[in-house]
């Protein structure tokens, strides 16, 4: 199956979301607005957490890392989409396509692992408050974040190596706005059944496994909160509900996309918009900006910048 790609396909053509010029301009405005919101919202969170000593708890440390990952995840695809929509240049080099695929899965899987760690943090804080400081010490937080990045790198490295083993000698048109496993693997000039199952077991099972762990952890939290309802616990209940909505928005499209071989069901490129644009845009609102502590810190930061 390993053959020389260099004499065959040297670039791919990304068809994007639409061929209609009016819709392309509409998509350009949408992506530009969403990308601006992702950058401004997540950068504001990072600056706020880094500059306010009161936001030094493990929760805000993990939220700061989540904001950084969201910026990276969106930046892998969106800037090139904006250029393509504005200029009409849809070609991407083979090497650039593989690099985009690698970094997308690198930061995407790292985010999934980090969200799992964040759920563990919330479980420990609510269900085992007396042991929270010892369990979620600063050194442990750094180790967990490093493990998330390492797990994302290993996952993405395996995906990319499997893709590089495939020969691409025929069609080079990708029915999407970025390079991803499923639309690219369909262009291979070889029997890809085994590779598809390996990739489905890699990406799909990671998505499903993290999602089930997240659901289980939040179910335990909700059971604990429901057992002793109070004003503070109602706040925890509301927080958990918003977190469940956020992880559903990210994980369900990923599970639907990756937990199956490439040829079993058609893949909608519009579903990809959910986990590449909408989820990073909603995370600051759901995870951080609902916190009164963060809003007070942002207000203090704003007043200090004005003086």
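Placed from the backbone N, Cα and C atoms, the Cβ positions cover glycine too.
Taken from TrEMBL, the feature transmembrane segment covers 25-47 (among others).
In the predicted model, the domain 'G-protein coupled receptors family 1 profile' (41-287) has a mean pLDDT of 85. Sequence annotations record features per position, and here TrEMBL assigns domain 'G-protein coupled receptors family 1 profile' to 41-287.
The annotation transmembrane segment is assigned in TrEMBL to 59-78 (among others). Within the chain carrying the transmembrane segment (59-78), a Cβ under 8 angstroms from the stretch's Cβ atoms is held by residues 31, 34-35, 38-39, 41-43, 45-46, 49-50, 100, 103-104, 107-108, 110-111, 114-115, 117-118, 121-122, 125, 138, 141, 145, 148, 177-178, 276-277, 279-281, 283-284, 287-288, 294, all 6 or more beyond its ends.
Per TrEMBL, the feature transmembrane segment maps to 98-120 (among others).
TrEMBL lists 140-158 (among others) with the feature transmembrane segment.
Residues 109, 112-113, 115-116, 119-120, 122-123, 126-127, 155, 233, 236-237, 240, 243-244, 247, 251-252, 254-255, 258-259 of the same chain lie 6 or more positions beyond the ends of the transmembrane segment (205-227) yet place their CB under 8 Å from a CB of it. Summarising the annotation, TrEMBL assigns transmembrane segment to 205-227 (among others).
Summarising the annotation, TrEMBL assigns transmembrane segment to 239-258 (among others). Listed by sequence, the residues of this chain that lie at least six past the ends of the transmembrane segment (239-258) yet keep a Cβ under 8 A from its Cβ atoms are 108, 111-112, 115, 118-119, 122, 181-182, 199-200, 203-204, 207-208, 210-211, 214-215, 218, 221-222, 225, 267, 271-272, 274-275, 278-279, 282-283, 286-287, 290.
As annotated by TrEMBL, transmembrane segment applies to 270-289 (among others). Under 8 Å from some Cβ of the transmembrane segment (270-289) lie the Cβ atoms of residues 17, 31, 34-35, 37-38, 41-42, 44-45, 63, 66-67, 70-71, 73-74, 77-78, 104, 108, 118, 176-178, 180, 242-243, 245-246, 249-250, 253-254, 256-257, 295, all in the same chain and six or more residues away from its ends.
Long-range contacts of the transmembrane segment (25-47) within its own chain (CB-CB distance under 8 A, at least 6 residues past either end) are made by residues 16-18, 63-64, 67-68, 70-71, 74, 78-79, 81-82, 85-86, 277-278, 280-281, 283-285, 288-289, 294, 298, 301.
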